[in-house]
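Per TrEMBL, domain 'Glycosyl hydrolase family 13 catalytic' is recorded for 195-561. The active site, nucleophile annotation in TrEMBL covers ASP342. Positions annotated as active site, proton donor by TrEMBL: GLU397.
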Amino acid sequence: MAESEGNVTIPEFSCLLQMDPQLKVYEKDFRRRYELLQKKLFQLEEAEGGFDQFTRSYKTFGVHRQPDNSLVFKEWAPAAEALFLTGDFNGWDKFSHRYTKKEFGKWELILPPKHDKSPAVDHNTKLKVVVHTKEGERLYRISPWAKYVTREEKSVIYDWVHWDPPHPYIQIHPRPKKPTSLRTYEAHVGIASPEAKVASYTNFKTNVLPRIKDLGYNCIQLMAIMEHAYYASFGYQITSFFAASSRYGTPDELKQLIDVAHSMGIVVLLDVVHSHASMNTEDGLNQFDGSDSCFFHSPPRGEHSLWGSRLFNYSSWEVMRFLLSNLRWWMEEYRFDGFRFDGVTSMLYHHHGIGSGFSGDYSEYFGLQVDEDSLVYLMLANHILHTLYPDCITVAEDVSGMPALCRGVEEGGLGFDYRLAMAIPDKWIQILKELKDEDWSIGDIVYTLTNRRYGEKCIAYAESHDQALVGDKTLAFWLMDKEMYTNMSTMTPMTAVVDRGMQLHKMIRLLTHSLGGEGYLNFIGNEFGHPEWLDFPREGNNQSYHYARRQFNLVDTDNLRYCQLYAFDRDMNRTEDKYGWLAAPPAFVSAKHEEDKVIVFDRAHVLFIFNFHPSKSFQDYRVAVEVPGKYKIKLDSDEALYGGHGRLDHNTEFFSEAQPFNGRSNSMQVYIPCRTAIVLANEEIDYCY
């Protein structure tokens, strides 16, 4: 391996430059990053026998039962003076079971089996690590590798519970193939029921999975699974990285949920938080060994000023072991199909994105402000995941627009499959907040939806989970506000507010779905225009669960309009499944007419027409098409089934004429009612996807 900088060649760097020649100036940076990655891989080979072995460290750290039923406990606590194990098994004796000190800050304890040959610690009993510091303090800690932690009702602190069931759940369904068109349903298990309580894994499996399948989503992104002591953190302040949250049920119940999703052909992604960790000490990672570093940088570098959380030291060998093994654990033990990496912007830059506008100037993505330790960690994570699991899907939550984020590591990229198109939901909210319908800038909307790096896949979404939270509003709420409480009945004529809200809700979603990316995402409940915000129980609301739920009962009530929005979302996904526009190259936009408020584009040989005009319908409106032939309506937001006005006849056949128009070889004339979106497909093409 070449040691000196500049000698390392990035195998497919020329592919990246072909796509974006402007990156040539930063070749040195790409080489240095790639060299750092190669160095890490080389060191892993030398010191650990390769990354496969290294990332299975969850098999040796924490607690493990040996074939003879003896138990081996292992921890990394470099600053500790001594470690003891206590728990139900020894009557909470703090000194009887001492760990032996090993090299590199490791500690080990072996417990022989009981006289009856059963393990010394019973399944479902409590344990604690007692850490003696050099300053003479005695601290009570949970193992960072704990697989199950629970909290008693009256208690504030979580307990480490030994999880070793006699008959663990065995998953039987194979992972589905990686979808070519990613249609993601982002969900939170705890809020996934109409009842005012924490909903369970079993409820999700029984009641929510069939809805997701029916809606035509082929991917579920699960939030708030990694254990977090504070429920209202929305799952982003992690306390136990290897524990699936016990507030929804047992590890086996989560395994069953994923297994059933796989049986339906749905892949499941974990919202993984490796960008920071909770400040909690007694039931978190913070100060595990009594020092202010251990897994983290010492303050101030090791603290996030806005999030009030700890920041990992990605250059540390043992932190790398912990985090990479964590990814492997979720893939192996629970059979997740990939990850949405949270807080990537915070990881990539020393400034964590705080106070940085990101103008798109390339100098912002290279140089001293970039945290290369965490950048190389992400490259390493993607390289390992995609090598071991070729169908693994990784998604980056990055607002900065880092070039090559979603190009392969062998090109010098970071190796993600997708990035979230975070500018899109912001744009929709800005428009609805600030502009009257007649003032919408069609060109601005199209620009936001199409402004993405060529060759790097984006997941488009019309609204984010943060917008659903109290203090903000969902699209449905921005559009219809308090009328959602009184005027959603199908038994009464639609008011002007509800009419506008219903039509725009559908149009915004379809436009985002078809023009905005190579994947689509929807947050649980928003597909049917969920009427209320999300507010987790906390001091400020008297620990109420009233808003920490999703009212699926509204969809099941036939005389309410929510089922009409649901039906549109379902048919939009099913239409995409048939024609595959998400897997196709970006759309060709042939019209963005400011005065008419019309957008026309084709993608995957499918024609999309949007008329956002609040009152003007257009007869015989000429639209451009590339492929000649007979076209028919395949999806129509104005259909009565979707709460529309039923102004279009679906039996109509549209024939193209050899009349070039707006950059396309052919064109045809159509009728487009106001506030309507139509999808037309060519009847003479065989759409095989």
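Start at 1 and count along the chain as shown; that gives each residue its number.
Every residue gets a Cβ built from N, Cα and C, even glycine.
Those TrEMBL annotations? Automatic predictions, nothing curated.
Distance noted between the C-alpha atoms of GLU397 (active site, proton donor) and ASP342 (active site, nucleophile) is 5 Å. Take the CB of the residue listed as 'active site, proton donor' and look out to 10 A: across all protein chains shown you find 19 other CB atoms. For ASP342 (active site, nucleophile), applying a Cβ distance below 8 Å and a minimum sequence separation of six or more within one chain yields TYR236, ASP271, VAL272, VAL273, HIS274, SER275, GLU397.
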